[in-house]
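Presented below is the structure to which this report refers.
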Amino acid sequence: MTATPLYRQDTIAAIATPPGRGGVGIIRLSGPASRDLAERILGHCPAPRHAHYGPFYDADAQVLDEGIALFFPGPHSFTGEDVLELQGHGGPVIMDLLLARCVALGARLARPGEFSERAFLNDKLDLAQAEAIADLIDASSRAAAENALRSLQGEFSTRVSALVDKLIELRMFVEAAIDFPEEEIDFLADGKVAAMLQGAQETLGEVRAAAGQGALMREGMNVVIAGRPNAGKSSLLNALTERDSAIVTDIEGTTRDVLREYIHIDGMPLHVIDTAGLRDTPDAIEKIGVARAWEEIEKADRVLLLVDATTTTQTDPMQLWPEFVARLPHPERLTLVRNKIDESGETEQSDLSTSPPIVRLSAKTGLGVDNLKEHLKAVMGFDATTEGRFSARRRHLDALDRAGDALDNGIAQLRGHGAGELLAEDLRDAQQALSEITGEFTADDLLGEIFGSFCIGK
């Protein structure tokens, strides 16, 4: 990348505040004509980084509005270019007139996310930080906002960059052993590279775990309530959402489709999904509901297998329902929930150290529901203090997984054959995968997809 702005010919403009009426509306401009536009609209260019109050003029020198103007000369601005902000009254008509005035003077309308894209291309922030801006805007809880802010401040990027530096150092030793085989010290044979590779793999695992939690905090964990008809699945959904989200009756097969609710538990986002009772049925509509239930179960982050505690004392899912367990793609994501303990006489004591964990509750009375909430927080890795965490996306997890696979291959090569050339290739693959996170190696179409999801004016 270059330290000088890449966009030298055009200046972009956009309304940076949300649509509708408001006390203040902001027009943002970035590009080489920003200073000239300031002089044409304000009559002069404000002193850099000083707020100036005054009128905004149209082409006939008539006052369109009055407000505050701020000028940030590049490269010391958000985008790295000359930036002008016009803060006027937040009515749609005023904002449209001001924006039209900017366009008439030569600015063009910005694409969604183009300001952040220019900041990225001009080395003002990396790709993970740019994505964190959108995550901060979209945050649905305080914890998610705090994670996004840490990513914006560089927490995620710093950890990824440290990993890349380790891989570069590893490549130096490996390629030295390949290029200079006559040297007395063989880094591949003396264990130094193996130790460094193992350390890099462990560090990558730590970053991957933190990123996984960050992605869950950003996107929310998918929790699917599954079980036979009349086990109390809809009642549990209502208990978790604390409202009548689903119809509850004693008639089997009342729920025939997937019901989704988005909730927070102490700031932790959850997508709770109620499903049709699982059974063989001749009813064509109910069959569709059962098929959809299995679709949700198979992609869930957590499956709550709800059992009517009045019908069985069994707590082993393999004994209760071996066909269900056998079909699960991730049995380790299962929690057994024994419902209706108000009728069975069981206590609300949970057995969370068993496999799978067991939670006892009454969805009808609410007894034990708080224990289930705490269990969900625990399996998600959520706690009140989110220090050291950061926001992450699915594409970041994919890149980390590919880097991990490459390191695994490298370790196998080293242990099996000591093949330096193959190890060097694996290290390059891992480095490139990690560099995609910060944007050092990123395809143009991916950049377009990422920044295209931003707000206009960001």
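Cβ coordinates are placed from backbone N, Cα and C, and glycine is handled just like the others.
What you are looking at is a predicted structure, and each value in this text was computed from that prediction instead of being measured.
The (6S)-5-formyl-5,6,7,8-tetrahydrofolate binding site annotation in Swiss-Prot covers ARG28, GLU85, LYS124, LYS458, and the record cites sequence analysis as its basis. Per Swiss-Prot, the feature domain 'TrmE-type G' maps to 220-381. Marked as GTP binding site by Swiss-Prot on the basis of sequence analysis: 230-235, 249-255, 274-277. Positions annotated as K(+) binding site by Swiss-Prot, on the basis of sequence analysis: ASN230, THR249, ILE251, THR254. Swiss-Prot lists SER234, THR255 with the feature Mg(2+) binding site, giving sequence analysis as the kind of evidence.
Fewest Cβ neighbours within 10 Å among the binding-site residues ARG28, LYS124, LYS233: this applies to LYS124. The least crowded of the binding-site residues ASN230, SER234, judged by other CB atoms within 10 A of its own CB, is ASN230. A distance of 49 Å separates the Cα atom of ARG28 ((6S)-5-formyl-5,6,7,8-tetrahydrofolate binding site) from that of SER234 (Mg(2+) binding site). Between the C-alpha atoms of LYS233 (GTP binding site) and LYS124 ((6S)-5-formyl-5,6,7,8-tetrahydrofolate binding site), the distance comes to 50 Å. Under 8 Å, Cβ to Cβ, and six or more positions away along its own chain, GLU85 ((6S)-5-formyl-5,6,7,8-tetrahydrofolate binding site) finds ALA16, ILE26, ILE27, ARG28, LEU29, ALA69, LEU70, PHE71, PHE72. If you draw a 10 Å sphere around the CB of ALA276 (GTP binding site), it holds 27 other CB atoms from the protein chains shown.
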